[in-house]
Each structure stands twice: as structure tokens, then as C-alpha cells.
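Enquirer: Please find one structure pasted underneath; my questions will follow.
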Amino acid sequence: MKFSAVILAAGKGTRMYSNMPKVLHTLAGKPMVKHVIDTCTGLGAQNIHLVYGHGGDQMQAALAEEPVNWVLQAEQLGTGHAVDQASPQFEDDEKILVLYGDVPLISSETIESLLDAQPKGGIALLTVVLDNPTGYGRIVRKNGPVVAIVEQKDANEEQKLIKEINTGVMVATGGDLKRWLAGLNNDNAQGEYYLTDVIAAAHDEGNAVEAVHPVSPIEVEGVNDRAQLARLERAFQAAQAKKLLEQGVMLRDPARFDLRGELQCGLDVEIDVNVIIEGNVSLGDNVVIGAGCVLKDCEIDDNTIVRPYSVIEGATVGEQCTVGPFTRLRPGAEMRNDSHVGNFVEVKNARIGEGSKANHLTYLGDAEIGQRTNIGAGTITCNYDGANKFKTIIGNDVFVGSDSQLVAPLTIADGATIGAGTTLTKDVAEGELVITRAKERKVTGWQRPVKKK
């Protein structure tokens, strides 16, 4: 189905009390307007015309990679004026879909229904019935068909009783829409060029206006303040949690789970409370994620346990591993099968071999660790000299004692032992014991100093 979209995103968002354009405020980890753009691209829009105004530099920086045509609305003179700024780029025979950057939850299913419903030469309009329609434009019908939309400030008392309201989302053919936009005037209570006036223009020409309802009313809720944004965030998260539960994922409390990206899960996955998923995350069968964890762009294989309050980003974790609690796996971290990292361990750009362990208070950066190696508490790979990074290579079956500093670059061969408290600066051969601990000294009868009175 050939169509192009116009996304209106020029408003400042005064009630957000922010220096950032309203549509750049995030929902589920990405700007509201990007949700709308992604929906359009997913449906195969030929062109996406993004009408912007306030905070143009911020908008273009934040959305620099998006496939949009930038259309400036220098003065905000109404929705009709906004769409008209993009109209020179409309093809006469293409469907034009009008959407809003601050209405982020509009679904593909609803848009497809709207595109299908557009009558030849007429308009398909998305409407919804509200118990309290105050503030919205009212849908005026005459013996059934839609004949006009009247904004709240221009409505008479009878029209204010109408509960069917305009969402602003509509579809019309490019040539018709350009003609109707050219005929708009600003003779109304707000002195603006209303897009809604094209409904009456279409009716006056004898063209049909078809009203369509969204799959869910939440889809057409807009955001004008942070309370409304928070409401949509919770609605979105509830929907994501419901889908995961239906797919067999055990969410211990669906109300305390946030998905800000894409999550793929195997069978019998358990996720405890206050877990945040960002980017693309993959969890294998029987994976258990403890409370308060943050997972971003990572892969965790079967039968692995991630204990509470661990942060995993850009890392891969093998099968039968244990992570945490309070572990940080940074980009480039790789845990092979049956490896363990424990509390207050940080791993960056390092591989931990099969069966190896670093259970306490350790930093492993720019390192390769072989199989069945034990890293004692307080071990640090000293990988940075203030200008360059250097690598530490540790072989199989190595024992590194507690409170050791491994000053890279260096290699520790298979089976070596590093005594506790060692500062290591040179390579260690296979099977060697290295210890640099200072000689122990005992002072008999030592008396601690006392405070002066």
C-alpha cells in the first residue's frame, strides 16, 4: 500500500517544563517521536515528513540517523499550517497519513485499518468516544456521516455534549489534501489554521469522511505533561509484560518490570522485580534474573543465574554461569560456560574461561583468562598507563592470590601461582610460584600510642 506520513512535532511542550523539545522525551527508553517513526517505517512508508520547530538543532541531532524529510514550521500557526509546510512534497495520487510526535502508542494495526478505510476522494479519520470529551474537537455528524469537526473553543453548548472526539490522525490523498489546505483560513477562536477544517471542505465537495476507531483508546492519548508521559509509560510496560507472560516468561511482579528494547527468551525464564531490559537482550532456557538487574545489549545462555543488582552491558555469558550479586559486566566481557563472577567484580573487554572464577572485589580489564583459573579477592589488572591500554593473559589452572596487582602487559602461563599481595610486573612461566610480599616483622610488647589529656 503506497503511502507517505506527516508527523507533526513542532510544539515546544511548555507544560513539560524542559529545555528539550517535547517529542524527544523518552518512553520505554527512546524518544516518543521515534516510536511513531518506527511504526511508519515498519509499515513501509514511502516518505516520512517530520515537521519540526522548537529545538530544531536538538531534534536533528537526536534523530540524525532516522529516514525522515525535515520540514521546518518556523511559526506555529496551527495543525493545518504545519501539514501545509510539507504539502509541496506530496504526490497527488499517494495516500497521506497525518500523525503526531507526542502520540507515541499508535499501532500498526490501527494505521492499517485507517489506510484501508479511506474512501476514494475522501478522508479516513480516527475517532474515539470518551466519557469526558472536554478539551477535544467534537465529531459532528448529520444523519450518520461525519460532516465537520468543531474544536472545543469554537463549539456551542449542543456540540459540547458530543462524546465522539477527533484524535487528529487522518488519511487523505495528496492532491485532495493540498487543495483543501490551500483553502483554510484562521477565522476561529484561536486564530489558527485548523487541519480539522479539511473535513468540512471534503464534505462540502460531496466527498465521504469515514470514521475509524483505534484498536485501543490508549493508542491515541497524547502527551502534554510529565504525568501523561508517566501514564503512557506504565500502559506500555503493562502491555509488554502481558505479552511476555503469555509467551511463558515468569515475571514475579509485572508491575515492576521495564522493557526498553527487545527481549528474546527461551523456556522457563524467571525475572524478579525491578529488572530493566535495554537494547537487544537474549536469554536462554532456565535463565534466572535476580531483583534490580539491568541488562543491555547482551546474551545470556541456558541455565545461568544472574543474582540481584548486577549490570550487564554488551557482554556474552555462557551456559551454567553464575553472575553477581553486584557484578558489572561491561562491553566486550565474555564468560565461558560454568564460569563465575561474584560480588563487586567488574569485567571489561575480557574473556573468562570455562570453569574459572573471580568471586569477590576484582577488576578484570583487557584480559584473557583460561580454564579452571581462580582469581582471588581484590585482584586488579592494571591495564592503563594514562595513555594506552595493555593486555593481561592468564593461562589454564592458574591461582592468583588475593590483593594482587597484575601490571600489564604480561602473561601468566598455565599452572602458575601468584601469592597473595603480589605486585606482578613480569611474565610468569608454567608452574612457577611468584610472590613479592614484604618480609613480615613482629614487635613484641608493642604498645599503641595514647591520646594526650
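Note: Cβ is positioned from N, Cα and C throughout, glycine not excepted.
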Enquirer: Among Ala358, Ala413, Ala416, Ala420, which is the one Swiss-Prot gives for the acetyl-CoA site where Ala377, Asn383, Tyr384, Ser402, Arg437 also bind?
Expert: Ala420
Enquirer: As a test of the contact definition, list every same-chain residue at least 6 positions from Tyr384 (acetyl-CoA binding site) whose Cβ is closer than 8 Å to its Cβ.
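Expert: Counting only residues 6 or more apart in sequence, the Cβ neighbours of Tyr384 (acetyl-CoA binding site) under 8 Å are Gly365, Phe390.
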Enquirer: Which of the binding-site residues Leu8, Gly101, Glu151 has its Cα closest in space to the Cα of Ser402 (acetyl-CoA binding site)?
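Expert: Nearest candidate: Gly101.
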Enquirer: Rounded to the nearest angstrom, how far is the Cα of Asn383 (acetyl-CoA binding site) from the Cα of Gly78 (UDP-N-acetyl-alpha-D-glucosamine binding site)?
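Expert: Rounded to the nearest whole number, the Cα-Cα distance is 58 Å.
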Enquirer: Which residues, sitting 6 or more apart from Gly101 (UDP-N-acetyl-alpha-D-glucosamine binding site) on the same chain, put a CB under 8 Å from its CB?
Expert: Ile7, Leu8, Ala9, Lys22, Val23, Met32, Val33, Val36, Leu50
Enquirer: Need the DSSP three-state call for Gly101 (UDP-N-acetyl-alpha-D-glucosamine binding site) to compare against my parser.
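Expert: DSSP call for Gly101 (UDP-N-acetyl-alpha-D-glucosamine binding site): coil, neither helix nor strand.
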Enquirer: Determine how many residues of the region 'Linker' (227-247) DSSP places in helix, in strand and in coil.
Expert: 20 helix, 0 strand, 1 coil
Enquirer: Look at each of the binding-site residues, Arg330, Arg437, and point out the one with the fewest other Cβ atoms around it within 10 Å.
Expert: Arg437
Enquirer: Averaged over the region 'N-acetyltransferase' (248-453), what pLDDT does the predicted model reach?
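Expert: Here the predicted model's pLDDT, averaged over the region 'N-acetyltransferase' (248-453), is 98.
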